[in-house]
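Residues or ranges marked as transmembrane segment by TrEMBL: 12-34, 40-60, 81-101, 121-138, 147-164, 184-205, 217-240, 273-299, 306-323, 335-355.
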Amino acid sequence: MQDEKQVISSRQLQILVVMFTCGSSILLIPPALLQAENDGWISGFLGLGSGILIVLLYIHMAKVFSCRTLYEANERIFTTYAGKFVNALYFLYFFFLSAQVLSNMGDFITQSIMIETPKEYIHLLFLVPVIYGVKQGIEVMSRFAETLYPTFIILFIIFILLLIPDIELKQLEPVMSAGVKPIIQSSLSFLSLPFLEFLVFLIIIPCVNTKVDIKKVMIKGSLMGGVSLIILTFLVISVIGHEVASMYSYPTFILAKQINIADFLQRVEVLIAAIWIISLFVKLLICYYVSCIGICSIFSIKNPNTVAFPLGIVLWYLGNIVYPDNAYFSTFIKVSLSYKLILGIGGPLLILLLAKIRKKQLG
């Protein structure tokens, strides 16, 4: 799975970034931004700006550690056992993120599409191809995402175009009626999901062609994904209004049900379902891939393929129990910001500081 010869292109990295950014966020970010009511789209821009700063931090880390992954850098900077301990923390972060993504997928499908199907079977249906894909390695995963990307983009554009006739700009008024505080608080959700999760790319970037301008690719992919989420939030507010949207767990899916062109083209919510499932599947691939690499770094396992299946069983079980319902998940999103800030900002800053000190000592 983790082969030094495996290389992905700049285009493939950008596609992975865009689809990872959209992933869970397509359905979860709009309701999170609605904390700012009709100013949710403004929160999106504020969160995107802050998120780009986080991405720049990770890009700097990638440059400092050159061809090393986050796991490899930790073992080099810390002592052997301390490095493995830090790697264990990041493994747990990525693994629980994998369980979160899997649970999101199961919840959405069982609540909106296949209501009578047990969530456990939905999880199994998606997890089997994920395990297979991860065992094939990052090259195959990237080519798979590259194949799905055109479909993802076309469906997204069609979805937006079909909603344009229903936009009511009056829904956006009054602007900043509740003040600045709700906008800032709401933007933190955008920072947490997905930008503080971009740590996963510190395991993938070393696989990218060394001639590629990583900064340009990462920033472009982040902007494309982030702006897409802001557009969705804008549409949710301007079409159905923040008051109605706040009543639903998946307002973006409800938004799709509003599409009705001359009583001929309607019931196209399958569009948003397809968009979300495609991007969420790619995000799950990425999260589970870096989890497998992590467990191997902790226990010094040379062939990550050996852990893909047994770890997948644990992931299936964890995905079934980690988030009992949407109310619990909504609460988790709010409280998870603290540990995401520790691992997503505090950890990288500490690692960079120790790397600088050690470099001086060695010099």
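Residue 1 is the first one shown; counting continues down the chain.
Just so it is clear, glycine is given a Cβ too, placed from its N, Cα and C backbone atoms.
Note that TrEMBL annotation is computational and uncurated.
Predicted, not measured: the structure shown is a model, and the values here were computed from it.
For the transmembrane segment (184-205), the neighbouring stretch richest in Cβ pairs under 8 Å, chosen from 81-101, 147-164, 273-299, 306-323, 335-355, is 335-355.
If you look at the transmembrane segment (217-240), the same-chain residues 6 or more away from its ends with a CB under 8 A from one of its CBs are 10, 13-22, 25-26, 29-30, 33-34, 38, 40-41, 44-45, 47-48, 51-52, 55-56, 58-59, 156, 160, 163, 166-169, 171-172, 190, 194-195, 198, 201, 208, 251-252, 254-255, 258.
The stretch from 121-138, 273-299, 306-323 with the most CB pairs below 8 A to the transmembrane segment (12-34) is 273-299. Only pairs six or more apart in sequence are counted, and the transmembrane segment (81-101) with the transmembrane segment (335-355) gives three or more Cβ pairs under 8 Å, enough to call it a contact. Counting only same-chain residues 6+ beyond the ends of the transmembrane segment (335-355), those with a CB under 8 A from a CB of the stretch are 54, 57-58, 60-61, 64-65, 73-74, 77-78, 86, 89-90, 93, 188-189, 191-192, 196-199.
Taking Cβ pairs closer than 8 Å, the transmembrane segment (306-323) reaches residues 1, 95-96, 98-100, 102-103, 106-107, 119-120, 123-124, 127, 130-131, 134-135, 288, 291-292, 295-296, 329, 332 in its own chain, all 6 or more past its ends.
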